[in-house]
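This report refers to the structure that appears directly beneath it.
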Amino acid sequence: MSNEQKLDSFMKKYGEVEEIARQYLMANNWVLEQASLKYEADKANRIVQSTSEITTDKSSAKNQHSNSRDEQPETHNDGASDSSLQNVQITKRVQIDDSTPALTTVDSDRSMRTWGHGVSLGSAHPINPPPPRNTGQDTDSELDENEHIVVVLHLWSEGFSLDDGSLRLYEVPENERFLRAIMRGDFPYEMRELGQRIELSVQDHTNESYRQLSRKQFMGSGRPLGTPNQQLEPAPSTQVLSTEEQQHNQEQSAEHALALNVQTNVTTIQFRLANGSRIAANFNRTHQVADLYRYVRIARPQYSSVNFMLMTTFPRHRLLESDLRTLSEADLLNVVVIQHINED
């Protein structure tokens, strides 16, 4: 598709004048999909900004109504109260800011809460559900309401990432559907299936290329201040740090073993391993397909003697360990590779 065809398609799709359409396409190197996502993100941001004052006034009015209601004598019965609570309408909205929670509520102070099992986008490995509660622990429903997960969506120039996860390219259809759900103010399927209350924060890095973010040191569920204490166990912070440091050293050893030359063209391969972990590794375009296997066996020694298969995601193709083609010849530049353990 030529640039003029892309320009015409953008104008018809969004009803914008040529000057605006050309500005978005030029800013995204004439990649129509990226320009569309950026336009929709800006549009959603403008809508949120225009309604922020209304939302603030509405929240203030709600608080005043709540205070005045507390001062009045209680003349209603419990049944009427329960009925009114059931009719509360919860509205979600998306806001792109540097560090502000993106999905909030207008008519309720509670974020959307759903339950179930989730699967990471493009991954065959399910997300581990939260551990079940012991019957002897807190059973008050208000304590359950306080548990939540904060997920940070990072928007980069070439794709997006969740928390400290790997890059998800914009042009992948599943990733595009994920972002469109966010822009509509909905939780994508994989987030609706998580077994916790979710708060989503969006951080805009669209002027930057993807960079690996530091990993979280605290992996537990959140609990606001002032709630009753539960029996807590000390987090093994020293052990987590030493494990991450060891893995980082192993990844550097793998790069040295493959003689990575950072002065020439470098491509990033995202490995999704069978144990659910991920590695973002750099290769030269002249490295061979067989070097992908070699890297995994060095960077993660637990797989050094394991029979496994590497394959691409979309479309799915098996990569042979005996393949001597270069990554450029095999069209394996900036792709995601999944590890599958072969059963003996």
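Just so you know, glycine gets a Cβ as well, placed from its N, Cα and C.
Pulled from TrEMBL, these are the features on record:
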- 67-79: compositional bias 'Basic and acidic residues' (COMPBIAS)
- 80-106: compositional bias 'Polar residues' (COMPBIAS)
- 227-252: compositional bias 'Polar residues' (COMPBIAS)
- 148-211: domain 'SEP' (DOMAIN)
- 262-340: domain 'UBX' (DOMAIN)
- 51-141: region 'Disordered' (REGION)
- 218-254: region 'Disordered' (REGION)
**Request:** Mind looking up the mean pLDDT for the domain 'UBX' (262-340) in the predicted model?
**Result:** 90
**Helix, strand and coil totals (DSSP H, G, I; E, B; other) for the domain 'SEP' (148-211)** = 15 helix, 24 strand, 25 coil
